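Among the features that TrEMBL reports, compositional bias 'Basic and acidic residues' is placed at 1070-1084. TrEMBL lists 1064-1084 with the feature region 'Disordered'. Look at TrEMBL and you will find 121-140, 166-189, 210-230, 264-287, 299-321, 327-349, 361-382, 388-412, 730-753, 804-824, 1000-1025 tagged as transmembrane segment.
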Amino acid sequence: MTFYTKYFRSSRNIQPTVNMSRRGSIIGSDGESGSVLDYNFSTNVASIDKRSYITSTRQPNDANAAGSVVNASQVGSTTSSLEDYYNESIVTQLEERSFMFLLNLQTRQELVGRNEYIKTLLIRLYFIWATLVIAIQPSYNFGEYGRWIARAVNYPLTFGFEHLPYTAAVIIAGIIFAIQLLQVIILIIAYRSIYRMSKYWPKIKVITRILNVTISLTSLPISWLMLGFLNCNYSSAVLVTSSTTAEQVLNRFPDVACYSGTNLAFIIIGLLSYVLTIFTTFVGFYTTTDANPRSETPFLTFDAHLYFLSVLSYQIYYLLINVVGDQFVVIQAVYFVVASFCITIFFLFSMPFYRRWENAVYFGFVCATLGGSLCGVVSTYVNTQNEYGLGLGLLGMTIGVMIIFSFIGWLCMDLWTRYINKDLRGIFMNHLERGLDNLSNDDIMNPKYILEKESIKILQEIEETNRSRRLFLFLKWCMKKGSTSTLGNLSDLELSKCFIKGVANQKTYQNVDLLIAASIICGNFFETGQQKSLAILEKLSSNIKNSYYVCMPSAVPRLLLREIRVFQNFMILYPTYKNELISSGLHDVVNVTNFFQDKLERMEKYKGLLDELKLAEASGTMSSESIADYTNPIYTLVTPVLYYSNDSTIPSDYIQSKNASISEITDSLIKYAKTYLKKEANGFNTTITSGDFMFLWTNRNGGSSAFDAYCDLFLRRNSESVQNMNIQFIAFYVAAVVVYGVCAAIVVMILLVHLRSLRSSIKFIATTLPKDQVGKIFQGLDKKSDEEMDIKENGIISKPQTTISLVVVSSIIVTVLCITMLFVDMQIISNTESLAIKYVTSGVEIFRNTNRAAYRMTELFSFMRYTSKSSLNDDRLLSQSDLSTYHVQMKSLFGTIASSWEVLRYGGRFMNTYEDIDILISPITNCTNVSTFYCTNLDELVTEISTVSLRLNEDVYYSNYAIDNLFLTLLKGSEMSNALMDRIIDIFDLYSTYASTPSFTLSIIAVVIGYIALISLSYFAYVLIRDFWDQIQQLRSLLNYLPVEYIDSNDALKQFVLFNDLSSKSRASSSEKSKEKDGGGDGK
């Protein structure tokens, strides 16, 4: 298999080491998700080890080598084989290294969000524009005005480089060539970093990807600029400057000879740059094109073949335009027709986009390019005189033909892709119906399981009717398609997943494209195993989210049991009251199969709450105290006794209980939930003789209590943690303010002392120096200083020591204010977290008590409404006193639900904070759910559940209503309870995610303002202090005019010159002399 095939078939968001069978192949593997199915006889796609293969095939000959005579031909043959082997090994090694290099440069992160969508959309629109306007070239004899129009629409592809003067083109070409050489160097560094495991690899990868994206997006303008140095006008010769003979000149630069020394150099540079551009475009497209099926970007492609091959054909087209020139424009036009036709055929074969409709739209653009290229050939033959009127007409004809071709291409592709989807869906549906028809009346089967069993037959039919390519397209399109079929309510993606599961053990299938498509589906859409773990681990980010994961499982023991008990009642009453149930309009009560499937889905959902708890504990986001609580064996787990006789005595001596941790209870519940999920409908009927049922039954109270206690511990620890954090931050805030205040006082005092030294220095020098020429200068400076001080005496702020002190104090005040803003933001976040945990607790209470009430209602019905005893209502399960307790507890349970809902409804910050949550709480218009209870206002739903359940509680316990009416009311109450609990799960899953990502707006504002203010104040203080020290230095520099002997003779002056030091004695002396001088002046 060539490198081209290996790389392009393995670069679609799957791991480089995808295992494929020689006789068969794996169905799915994804290195990102870790989802792998079962495979055998595997070799590596990226590396088929020739060495081991050759060694194994030569072993028999090697074993007999000692006893055989090797003649010359054998030696030659062996030598030739070895040479071939080593040559193949070098080539294979090169392919593998290149393959791994490209894969390591890729990033498989899914692109979601508005920013990613807009960026990708702009890039895709640029390529669509290039696809369309490349067919309208100025050289296609469109006349003078048509030429300008064609040139204008091509500016995004050429950047208008043809209008540059030669000098500017040379400069820009040199810069671009230097950048390309830099990119090559960085690619080499990246290659070495991969195999040397450099710690700087993440940064190198980012830089490499940025350069790859830049060069890929600008590859056409770069090619257009660099090839301009080859665009000679061979039809005429011109006498250029510094030449005595007429020479051929460039079309773009009529004053530059084609083969001048400078242009020859740039011809070489241009060709090298052109080759580098093709290479870097290849690397760029195949390492930066988003091919993750989970991304939400427009025109999401299965691979980068279309983009690279299209750009490559355009680059070759630009080469022909510049090398052949306008003299042979027909060659350009004919080439582009051939290239456009090949791209069209390639698109028909590949249909590269994940969304069906995007293939149809883009194919319309491809057909428009084909139509425009045909018109280009026509215009070159028709308008040979290049008349502007005829040229404009031909240009208009070209645009019209492109529109017509685009519409025809879109329509044909849309109809064809719809037919493919309908055809494949029809095959799936036919086999699903056959599987359902083959069931006996007693059989109850999930449609998904039936489809898995029929998948081998589906594959055989597809193979026999040569529909493998259609199946590949169906698998590819189903990843981004949300429509559902009519039978079994299965989406196309669910059909594909069931099909892949069913054919996973097929070891003789060798269609690589189908296997890769299946691998992508397995790796991205099978929510099992490590992939689901990673997806949940990414969501575990804070105590708020963890409180949701910890507390929600408290209802699971009774949730699982309630679904089993409701289904047991349904199995008993459905045959008798089938018509009443069907006419009730309730959800999934039409037949046993649908009702059973609904119960399985709900049990799977509840098991998911336990899975999330396990992953939360293993994620590393939990505190050590929470982990210790999770593993502390202080709870009780009961091992039940099974009853195989009619003895009504409960052998309590044989019921065994042991200490267990929440971890062990969680694992046990998951185990038994999985067991029930594998059962068929009849397996749900047994009670006292079933170990699975009795485990859930005997641990329904203890298990729920254990989870309740664990939840309370977790919430209490979180509250204590929040309070401790508040206290610590308050202490830090007070300490910081005190420290900054003390620092401010110390700094101001030091500044005042040091800033007074300038005046002291001037007075000291004035009183120390003799009355010579230099002394007069200092004496004059002293008088000037006195005059300035006298003038500014009234403005204390104008003094340097005051100004600098104010700046320093202002800096400290700004810092304290910023810390205060951070403290306020921290308090807001802390209060938000406390409220969020409080709201999550209320939501859990609603969830927990709703299930408790629904469970009790089910048990009251099971034990009090049947005239005879059976395994459903065996006295060894519940006593009459238990039933009386259940009856009494119903009112208190709904009171708790109402109070918890009021906390949420009128709590202040839960409602009208997040729009998505408000939508889930308020009535849902255009409801698409089967049950209207999922779309009812949550206020009304809580009230309706309370009313219906409390009335049913009294009717079941006291009255003699018909059992069918009571059962319909029970199912209605159960459906309302399920709707409420589902919406609580959705609401608080969303709320805990939002609340876990608090807003740091105030902190960001504080940091930005503080940063700007501190920089400004620091600069201002620096300028003032530098001015002060400049004056000191200038004062000291004036002493250079004094004789050295005089300075040596005066110790005080010497200390000032050398060390800028004025002792206290010197300052006092200078002060006294200054006063004496002032007094003498007054006496005169």
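Note: Cβ is positioned from N, Cα and C throughout, glycine not excepted.
Cβ atoms under 8 Å from those of the transmembrane segment (361-382) belong to residues 128, 131-132, 134-137, 140-142, 299, 329-330, 333-334, 336-337, 339-341, 343-344, 347-348, 351, 353, 390-391, 394-395, 397-398, 401-410, 412-413 of the same chain, restricted to positions at least 6 beyond its ends. A Cβ distance under 8 Å defines the sequence-distant neighbours of the transmembrane segment (299-321), meaning residues of its chain 6+ beyond its ends; these are 8, 11-12, 120, 124, 127, 130-131, 134, 137, 139, 157, 216, 219-220, 223-224, 227, 231, 274, 277-278, 281-282, 285-286, 289-293, 331-332, 335-336, 339-340, 342-343, 346-347, 350, 352-355, 358, 362, 476, 480. Scored on C-beta pairs under 8 angstroms, the neighbour of the transmembrane segment (327-349) with the top count among 121-140, 264-287, 804-824 is 121-140. Within its own chain, the transmembrane segment (264-287) has Cβ neighbours under 8 Å at 7-8, 11, 102, 105-106, 170, 173-174, 176-177, 180-181, 183-184, 187, 209, 211-213, 215-216, 219, 222-223, 226-230, 304, 307-308, 311-312, 315, 319, counting only residues six or more beyond its boundaries.
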